[in-house]
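Undergrad: Take this structure, written in structure tokens, and hold onto it; I'll ask about it next.
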């Protein structure tokens, strides 16, 4: 046989072997994903039969009279009639609806909470054909985006009569995470089809598709420049994509700490030692914090790709499923961060006034929800609407303690944040979280879903909460009263 032909045959054989190995790996991942979806379907079918007569009263009165159910979703009440057209989402020029229509009719009453309920169910959004995995309000507060196992992203009008306005259908496997641009005019979605996609939310059109390595678990726009987004995957990759530049070259090099490929400004692939489950990009756009399957919080410099700091969330190294930060009224870096972990605990950290330069300390360990083995997400609300009792640390009589050492009847008060989380049971959980160590309490279990609650999201400026579940639905909850609220713990 000719030597040149033999060399060519050997090269083709090697390439064929490498392709077969890659195909085998993808098939294993595909089998695992199908099994997960099958298990979820079986669980849903059982619970759907059990809950077919919904035992929870749904309060649609505040949403608007006669809002019908449609195939595209929306809300309904038994025997309701069709309403008049709802408020316009966009104007012919592409602008947004009048802010005065925002959640009009969903305004909570001024009454005190009944039966200890601080939040009540206001609307039930239907339309997804699979478990709803992730949900996010837009920064302007007028829209709600949800991603599902049905491979779609849906955008809902969150004004007076919540309704579906776009169905985005270009993913081929379940959608895992979403992030809005600062202008609320773009959305980036991550999925297990190993891509991230960007969308024009005014037209519902796909504007870009970016291949990634592995199932993409999380994604976030760079707050300092929305042309850049960061994602994490099951292949132990922290990726940075700059949409203005061509894709960077890839590399198979790996270092136990980190290996970087690419290298063009704002576009790189950082290879890590564990799956990346959640990311948070700092407001200045130069740093990113990752939570991984080894239970570690890692701080990365996006300019160099280097890991600057590693913190172990808890000693048993249970995987971290989500990072949530408290939104601030100004442009300062958020001070408080919640970390969901597979040990059924949310740890709330005080990051100080100037992270990452300031020291981070553990403030609260919140229990009661179920997170083990499930990618559960949480969210903060820090609108200044809530307060909670606190006691001074001093043991001097008159400084919060009486002569016998007991707490005085008059309690001090401090601002309270709300932290909501999904759970592996059919509930969402609501915690009041103070700024003093140990000053926290579970204040409500939200009942209404028929299967595990994967994710939650608060409205950017109002005490309104959205939850999404394996029961194929999105639910919207609102506070039961206006004005400043004091939790009685």
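Don't overthink the numbers, they just go from 1 along the chain as shown.
Every residue, even glycine, has its Cβ placed from backbone N, Cα and C.
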Undergrad: Taking 35-74, 75-114 as the choices, which stretch does TrEMBL tie to region 'Disordered'?
TA: 75-114
Undergrad: Which one of 369-390, 391-412, 413-434, 435-456 shows up in TrEMBL as region 'Disordered'?
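TA: Based on what TrEMBL states, region 'Disordered' spans 391-412.
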Undergrad: Of the listed stretches (125-160, 168-209, 276-310), which one yields the highest count of Cβ-Cβ distances below 8 Å with the repeat 'WD' (446-478)?
TA: 125-160
